[in-house]
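Feature annotations, reproduced from TrEMBL:
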{"type": "BINDING", "residues": "C28", "note": "Zn(2+) binding site"}
{"type": "DISULFID", "residues": "C28-C99", "note": "disulfide bond"}
{"type": "DISULFID", "residues": "C30-C128", "note": "disulfide bond"}
{"type": "DISULFID", "residues": "C40-C153", "note": "disulfide bond"}
{"type": "DISULFID", "residues": "C155-C202", "note": "disulfide bond"}
{"type": "DISULFID", "residues": "C160-C165", "note": "disulfide bond"}
{"type": "DISULFID", "residues": "C173-C194", "note": "disulfide bond"}
{"type": "DOMAIN", "residues": "28-153", "note": "domain 'NTR'"}
{"type": "SIGNAL", "residues": "1-27", "note": "signal peptide"}
Amino acid sequence: MPFSVNGILGTLALLLLLWRPEEQAEACSCAPVHPQEAFCHADVVIRAKVVGEREVISGNDIYGNPIKRIQYDIKQIKMFKGPNQDIEAVFTAPVSAVCGVTLDATGKKEYLISGKAEADGSMHVTLCDYIMLWDSLSATQKKSLSHRYQMGCDCKIVRCPSLPCSISAPEECLWTDLMIEKQVHGRQANHYACVKRADGSCSWYRGVAPPKKEFLDAEDP
C-alpha cells in the first residue's frame, strides 16, 4: 500500500506528542570524568556563591525564536583558573534536557564551578561540567585545585573499561574507580592526582605536600 507524505508527517507528529518528558530529560548525556580532567578541560574554575537567578534572552535561533538562558549572579570567592577579572555571572540552559544546571541561588551554599569562557567574556556551564558543593570536596581535591591538577594537564587519565586493564603509554594514569568501586567519586577521584614525573611519565600521586620532581606512586606520609 503506498504511503502518502501527509500520512508520514502525521505519524511523526503523533510520535512527538507521545515523547514523554522523562525521555526528553535523557537527552543530556555526559561521560564521567576525573576531577583533574574536568579542571584541565575547563576554561574557568572558580569557588563561588550563587546570589541571584533570572531568565534572560541571548538572541534568536535560525527560526527567529528567542534563545532563553538562566543567568546566575555569583559572588566569586577564589579563581583557580580563568581570566584576570572576576566572574560575576554564569549562564546555563533553562532545562536539564539540554544540559541546563540548577543551582541554589540563596547565597547560602558555596560551589566549585567549572565551565567554558564565551567570546564576550561570560562563563557558560552545563551538566557535563564539574560543579560540586565546596563542602563535599575532599581536602586533597581542594589542595589540588591550586597547583597539582595543573601540573598534570599534560598527562592523560584513562578509564578502565574492564578487568584486567592497563595503560598504553607512559603519560597515562589508569582510573579504576568506576570498575572497582562502581562509582565516579571513588578513592582515586577523591584523593589522587595524575602528575608528570621528571622522566616525562605520569603517575598517581597522593599527599598533602607538593610532589617532588622525582617520585614513585606515593601515599600520605
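Cβ atoms here come from the backbone N, Cα and C positions, even for glycine.
The Cα of C99 (disulfide bond) lies closest to that of C28, out of the recorded positions C28, C30, C153, C160. Considering only the disulfide-bonded residues C30, C153, C155, C173, the residue whose Cα is spatially closest to the Cα of C165 (disulfide bond) is C173. Comparing C28 (Zn(2+) binding site) with C128 (disulfide bond), their Cα atoms are 8 Å apart once rounded.
Under DSSP, the residues of the domain 'NTR' (28-153) split into helix, strand and coil as follows: 25 helix, 50 strand, 51 coil.
Between the C-alpha atoms of C40 (disulfide bond) and C160 (disulfide bond), the distance comes to 20 Å. Cα-Cα distance from C202 (disulfide bond) to C153 (disulfide bond): 10 Å (rounded to the nearest whole number). For the disulfide-bonded residues shown (C30, C153, C155, C173, C194), fewest C-beta neighbours within 10 angstroms: C30. The disulfide-bonded residues shown are C30, C128, C160, C173; of these, the one with its CA atom nearest the CA of C153 (disulfide bond) is C173.
When Cβ atoms from all protein chains are considered, those within 10 Å of C160 (disulfide bond) total 16, not counting its own. Using a 10 Å radius centred on the Cβ of C40 (disulfide bond) and all shown protein chains, the other Cβ atoms total 21. The CA atom of C128 (disulfide bond) is located 22 Å away from the CA atom of C173 (disulfide bond). Across the structure, C173 (disulfide bond) and C155 (disulfide bond) are spaced 7 Å apart at their Cα atoms. Cα separation, C160 (disulfide bond) to C30 (disulfide bond), rounded: 17 Å. Looking at C155 (disulfide bond) and C194 (disulfide bond), their Cα atoms lie 7 Å from each other.
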